[in-house]
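Some notes on the structure that comes next.
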């Protein structure tokens, strides 16, 4: 039996509605799992303090997330001996946390009914405990409001009366009674003044108390478990209550604090910015008179460098360095200019700045103007030239924040600075290129002694497709084949058409070619636009000189129908996780229906991915993808608990899309097995990178926008689950804040009636093979374009975010889909079993009631559809109480990841084509044949049943067909002369007859159907 119990500490209430002479006699009733407890009554106090604890027994811990804790605040009317509700608080089971993580939270009181009133807040501390020494609280007695004790002395007297029927408990739960009137309020925190009523709301007071003065740490996070009874607790979502820029988040509601700026979904970070602009009049240092200057910025134990310039006395760096305020341990900033040398860098001069005099800049103020500072040498003379600097305090709302180099525990060389900055990447706009190869004329081959075997090869970049081979003794060839390609703006690759002749088995001879610029092709938005065929002249390959082209007497030509399809949406990700469904042409775009705001707060407990100085380390950064916009946060160097606090926004055009956020380890900043800080890793070799020089994925989070409620802030920590050949592994947690807001709720409702994809996908649909091929090409195009930006989004990152391997075979995924299908049909199977029990009369009362209902529906058929829809309405209304309160997340049980065989996982991670040994491949092939054989048998059985139905009228079995025709004739006559209600009643009663009138052998119609012939006799 489980020892899990729910503890509730009723702390206090604030600003309750007065009921009698501007005050109230308040008490609280707490209900959970059919258990109810009451606190003491606090007379004439609208700000009562209880500090009482209760413990509830949990009957079924596996269904804990479906239960709710309800706390009602009442006013006790001692004259009429009744109670009046002042408000209620309802807490979902998904929010319960362990006792060590629990903290008092003040929940706003809600109305009990629509017509009632509610005001104020109730402070509760809710937690789970499995301590066997904790006993469930004793059930409370009914209140007699005229005689209920109200003071601590009276309550202690009542508690001191022994109860002979109550079991003696060794560990009593202490209840702290309320203090005298002048001590009822909690003592204010040190350095904080008490805010009386009328000087600010209680939420503001709590906000000021939580945000301590100066740089004190904020209130502890409150972690709350999410839904998923079969999901391990460590793999579940945890709801948090962080204090962000807009205020403290409690259950999706924002408790307003100080004035919120543009970054209200991230924690406000105070940052010291140092901008090193340029220098002038620097002295000569070497014997040759040259100077290779660079700048070092010193702040306490942190040191950061700019890049150096060779032989330049007027260098321009224009680099910004950022130091979080919590790491500032010095009151002086030192900026040193040095000369790069082979053995030892020479000292040029320095600038000392007092941080107490640094100004504070708040956007939208204009950027701070830089200032010239004279450099002071070692001798104290300020004759070493001048350095232009700008130093200020700001936040992440500063426009220099994304491009700044942030201070970390590990120094990074200047040539790696570009690889750790955060950027926003616009994905290229992609088009489908439709090429219809019709025919070619005047084709002369080099070989005259054989019949030409000609085919056409079409190429765009790395995409290559061929037509079938056509043999013709004439000089004209006909194909009429259609091909599809992917091209991205700006169009850098041309469409290359080549006609080749198959001379030998492995030898092709190029006859002619044509180069067509893609930018000149016709663009069409729908299937109604007519694309006319065009004849293109072919030239012999290898002719570059214009004079040779003019003298060439080669007059072959090819007829093509080519266009750019703008009515399709180019799929570059899995169809289940599409982040954008708009067509390519901007003229077909509709206005956005909402705005998606995402705050990437932090990551916790990351698993080390490399070693640095003989310890585990990680250099994490986040990548978020939605629509045509990719974002990348800055890289937090050498940190297993990084704090990003970066906020991004996207326009939402269709809420049936998915946001994908991934966490990766930056491979450019190596560990002990790399040349840390000195290696040169380039983005041009992404496609041929070794595994050690690849950005390793740490985890991924998917959030479907349609599952988010509007005007609510979702703050959760998402477990980063990654599937390895050894099994599923948790790599850490990612803390996010998400808000989805809509411009018009009516537009959102209308979106449900629109087709999911653009109209072109339905007027001229693409085959499944075409979609998979084009999707693979689109992913390669996106990876190529994003890999050319600075810093690059590497190919492995694009493929991981786009689920490039989702189409490959996986035994684990096949089993998961099979069990998903069984779960879908489980309701129908359960209904069939229930009806079978009714027909077997296992419960006579239920069977009789079903007979009565059946008779009513037969005689009143108009009630069938209304009854069905009313039943579904009531079920949906009942399920509203148990609706999901958190976004869906990856589930290891649904994915069949925690019970998969290691060999199945090894097969899933195998390369394509395979790189395993022949014996292992043979074993897996035999296993696949076994599974496919079962599927083959099931498909064959379904086809057999369908063929038997067709054979009823095909006279394949003449006696069976004749019997069926006679049966149809007699049935038609009987149905014509007999009312339908009589036929339905007879069939229903026969179907639900008592088992005494049943036989164990199959019925005659079943035997007749099983004897019908099928096409299995014709199979080899």
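Placement of Cβ uses the backbone N, Cα and C atoms for every residue, glycine included.
TrEMBL: automatically predicted annotations, no manual curation.
Listed in TrEMBL:
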type: DOMAIN; residues: 1-107; note: domain 'C2'
type: REGION; residues: 198-219; note: region 'Disordered'
type: COMPBIAS; residues: 198-207; note: compositional bias 'Low complexity'
type: DOMAIN; residues: 253-373; note: domain 'C2'
type: DOMAIN; residues: 410-531; note: domain 'C2'
type: DOMAIN; residues: 577-718; note: domain 'C2'
type: REGION; residues: 675-696; note: region 'Disordered'
type: TRANSMEM; residues: 848-875; note: transmembrane segment
type: TRANSMEM; residues: 964-992; note: transmembrane segment
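For the domain 'C2' (410-531), the number of residues in each DSSP class (helix H, G, I; strand E, B; coil) is 9 helix, 67 strand, 46 coil. Across the range of the domain 'C2' (1-107), the DSSP-based residue counts are 9 helix, 58 strand, 40 coil. For the transmembrane segment (964-992), the list of distant contacts is 838-839, 847, 850-851, 854-855, 858-859, 952-953: same-chain residues at least six beyond its ends, Cβ to Cβ under 8 Å.
Long-range Cβ contacts of the transmembrane segment (848-875) within its own chain (Cβ-Cβ under 8 Å, at least 6 residues beyond either end) map to 838, 981, 984-985, 988-989, 992. Counting residues per DSSP class in helix, strand and coil order gives 6 helix, 55 strand, 60 coil for the domain 'C2' (253-373).
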